[in-house]
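Here is the structure we will look at.
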Ligand code: UDP
Ligand code: MN
């Protein structure tokens with residue numbers, strides 16, 4: 001029995017959309033509602049350079065926990081098609097591999113996600129998908145990630161800043177010359193760029209915005225402090241998400257699990273940054 005009430009966390013934003021936590025929805029009821037329209041779901045993941053090693057775990061655990069019983073296409077952007085593992089997928093689920101160039105800097109990959117997402121939606125995905133998610137590949141699913149995540153634009157609270165953090169301490173881009181600039185005193189939340197979803201056209205508007213604005217910065221020799229995540233946070237400040245997902249939807253193996261996180265749905269793996277990234281470091 002679900003009581004569908006939490007008193008220890010905020011379950012609604014100040015623009016009155018749901019903030020989703022375990023214990024605030026009935027998973028059976030919400031899946032049944034969305035199953036009626038049988039939406040086509042796309043998930044974009046990038047596996048460039050050594051990150052192809054993360055595909056197997058991501059896909060295998062995704063099959064166990066991510067929108068099971070829904071139609072899902074994993075769009076895998078990679079520079080090494082041969083490294084895409086053969087995974088047994090459930091009925092109605094498939095993998096589409098899309099070639100992208102290799103990178104010399106990891107920053108090229110993370111910015112490049114917005115570019116390739118924009119181009120590929122225009123070329124192909126628009127005709128194939130109703131809901132589109134973007135996710136980091138260096139993670140595993142551990143628990144249900146279901147239809148409660150669906151909305152026009154759903155963003156995930158960054159685990160590092162959701163609790164007891166005043167907005168002046170959010171790591172927004174503070175350089176007024178950058179297109180990602182957010183003045184001190186503004187901001188709702190700090191969102192992660194590692195999990196994101198929504199209606200195809202809403203995600204398209206978002207990725208295109210991030211792509212164009214980071215290109216504009218690059219022409220001025222500026223790179224925002226947290227790359228595409230900085231532009232994403234700027235976009236979401238002025239285009240509010242229609243649903244906010246708690247950090248259950250992206251935790252990290254580096255971070256201790258506090259009492260208000262009742263389940264971890266996805267967790268980022270620990271990784272050796274120096275070894276896995278083409279130009280090392282953070
Ligand atoms: N990525 C990739 N190759 C790289 C660097 C990044 O494929 O050389 C992709 C991959 O999907 C990864 C995402 O970009 O999950 C974000 O980078 P990363 O996970 O390293 O950033 P972090 O989560 O550590 O900030
Ligand atoms: Mn990551």
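Cβ from N, Cα, C; glycine included.
Taken straight from TrEMBL:
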| type | residues | note |
| --- | --- | --- |
| BINDING | 46, 47, 48, 51, 136, 137, 138 | UDP-N-acetyl-alpha-D-galactosamine binding site |
| BINDING | 136, 138 | Mn(2+) binding site |
| ACT_SITE | 229 | active site, nucleophile |
Residues near the UDP-N-acetyl-alpha-D-galactosamine site, 46, 47, 48, 51, 136, 137, 138 excluded, by Cβ within 8 Å of the Cβ center?
-> 45, 52, 54, 55, 109
Any same-chain residues 6+ apart from residue 138 (UDP-N-acetyl-alpha-D-galactosamine binding site) with CB under 8 Å of its CB? Would you list them in sequence order, or say none?
-> 51, 54, 58, 268, 269, 271
Note down the number of other Cβ atoms within 10 Å of the Cβ of residue 137 (UDP-N-acetyl-alpha-D-galactosamine binding site), including every protein chain shown.
-> 22
How many angstrom lie between the most widely spaced Cα atoms of the UDP-N-acetyl-alpha-D-galactosamine binders 46, 47, 48, 51, 136, 137, 138?
-> 11
Under a threshold of 6 Å between Cβ and any atom of ligand 2, which of the recorded positions 48, 138, 229 are retained?
-> 138
Other CB atoms, at most 10 A from the CB of residue 48 (UDP-N-acetyl-alpha-D-galactosamine binding site) = 23
Nearest of the binding-site residues (46, 47, 48) to the residue listed as 'active site, nucleophile', judged by Cα-Cα distance | 46
How many other Cβ atoms are found within 10 Å of the Cβ atom of residue 136 (UDP-N-acetyl-alpha-D-galactosamine binding site), counting all protein chains shown?
-> 20
If you count Cβ atoms within 10 Å of the Cβ of residue 47 (UDP-N-acetyl-alpha-D-galactosamine binding site), leaving out that atom itself, what do you get?
-> 23
Show which residues of the chain containing residue 46 (UDP-N-acetyl-alpha-D-galactosamine binding site), separated from it by at least 6 in sequence, have their CB under 8 Å from its CB.
-> 76, 77, 78, 100, 109, 112, 113, 116, 137
Around the Cβ of residue 229 (active site, nucleophile), other Cβ atoms found within 10 Å total 22
